[in-house]
Structure formats: C-alpha cells, structure tokens
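First the structure, in the form of structure tokens, and then the observations on it.
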Amino acid sequence: MSKQYSTKHDMEKNKSISKQKEKTNCNILSKHFKKIYPIGIHRTCSPLSLSSLSLSLSQNSTDSSLTADSSTPLDQKILSALRLIVPTERREIPVTKIIRQPSASPTEEGGMRRCNWITNNSEKVYVQFHDECWGVPVYDDNQLFELLAMSGMLMDFNWTEIIKRRELLRESFAGFDPNNVSKMGEKEILEIASNKELTLAESRVRCIVDNAKCITKIAKEFGSFSSYMWDYVSYKPVINKFKYPRNVPLRSPKAEAMSKDLLKHGFRLVGPVIVYSFMQASGMTIDHLVDCYRYSECVNLAERPWRHV
C-alpha cells in the first residue's frame, strides 16, 4: 500500500513538474509572439504548432535579440524558430510623400487671375500683350493702323507669332505711319515680301499698303482715322461682361457694320471677324473675362471721356 502510494505520489509530482514546464514554455512563446502580433493569439503549446516554423530553421543565425536564461532543448528550439519571424533589426523606413508644388502659372501669377486663354503654355510675349495692350483704348492713327494690319495677319498667323514680328513690322512699314506707307513703291513692297523673318506674302504686303492709302483719304474726310473708327461705338468702348471664353463672340453687329463700310472705302482684309479682333485689341470692346484682373483696369480706362486729340 505504501509503495503504491509512493508511486502514485511520484507520478503526480512528475505530472505537476511537466505542467509547470509546459506553462513556462507557453509564456515564453506568447511573450515573443506578442512582439510580432500585438493582437490576440491562440495560446497553444502543442509541438505541432511549431512545425511550420522549424521547416526553415536557420542553424547559422547569430541573432541575439531573442536570448533567454532557459537552457531546455524545447526552449532553445522555440527561440531559434522565433528568430526566423522576428527581424534582427527593426528599421522604420520613412515614407516620403511627394507633393507636387504647382509651377508658377501665367493664369494666376502673383495672385492676379488672367483670362482663361492665358495658360501655362502661353509665351511671355503673348502674356505681356494681354497685360499691357489687349483691351486698352487706342486713339492714335498710327497705332490703330498697326493693330488693323496685325489683325489682318490673323489670316495666316496667331497672335503670338504676330507679336513676335511686331518690331520688325514697325521697321518694315515705317512705324505704321499711313502717309509714309501709302507712298511705298513696287521695290519696297517686294523687299518686304522677300524678308524671310517676316514670312509675309506679297499679297498681304500689298493689302497693308492699300489700306494705308485708304486711311489717308479717310483722315482728310473725317479729320482722323481714329475719329472715323470710334464713331461706330459712339466714342465709348463697348463693355462686355463675359464669364467664360465660350461667351466671347467672333463677330458682332457693330463689327459687321464697320466691315461693310471699310470695304466700301476700299479697305482689304477687313471681314467681320478680323474687324472684331481689331476692336478687341484696340479697346473698342472690352472682352477680358470678368474675373481677369485686367477687366476692371480696362473698364476704368473705357469709362474715361473721349481722349482723342
């Protein structure tokens, strides 16, 4: 009986020691798993649960980040297996968020909003023309002649290309003085037409010369070319309030009436569309969009009394 009791007592004691070791191993495994997975994990110490970790166990690992005082074979296996899933050095790689800073846009430069047709692709000369010339009332005969000639060139070029030729045009056409241009002969016309920098067709050169002759006649009849042209808008610019580019017309009733009368006086390249472009450029009509910073400035100029002298 005593021997049976002793044997039973030893078995219970061994069983208790085994459970205590198992509990210790569970604590070690749970402790290290929580480093990797901070969320809840299943607490199991079955040897089968470690099989997937031991499949690729590294025998040459020198990691010292998972050391413990335990020296049991099971503990060593657990720690060695955990080395495979715990990184030797935790490095936080900074994620740099690329923020694209908007480039300086001519449309909104320095807090000044421009008409929508001024874009990032617009050349500087065109932006400058928009800011300084387009929509500003012009009353000088020479300047009006220049703008009429430039508007006629829209048949072949765009505004940017024309503005780039502006100084060269002034040199070629004597500062657009109607009296001097009207006296140009065949030699001068051919010389201008042969200028490769201008790339202006001979027929276009002749149109400008012929228009200069018409301007001199009108100046004698009406006092000045300026008085004749501004009379169509009652000597006061037409102030429009367009919000979108699609609202801006290509022609207007006043441009059509002006075109017909100019044709009667012998002018060439003065269709309604060209005339309306001329009216916009010379400030006879204010077509800057209402949210463009130049709109209010040109309106202030337009509201001044007739300044022709």
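Cβ coordinates are placed from backbone N, Cα and C, and glycine is handled just like the others.
The annotation Zn(2+) binding site is assigned in TrEMBL to Cys115, His130, His288, Cys292.
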Excluding Cys115, His130, His288, Cys292 themselves, the Zn(2+) site's Cβ centre has within 8 Å the residues Arg114, Trp117, Ile118, Trp134, Gly135, Leu289, Tyr293, Arg294, Tyr295
Counting every protein chain shown, other Cβ atoms within 10 Å of the Cβ of Cys292 (Zn(2+) binding site) number 23
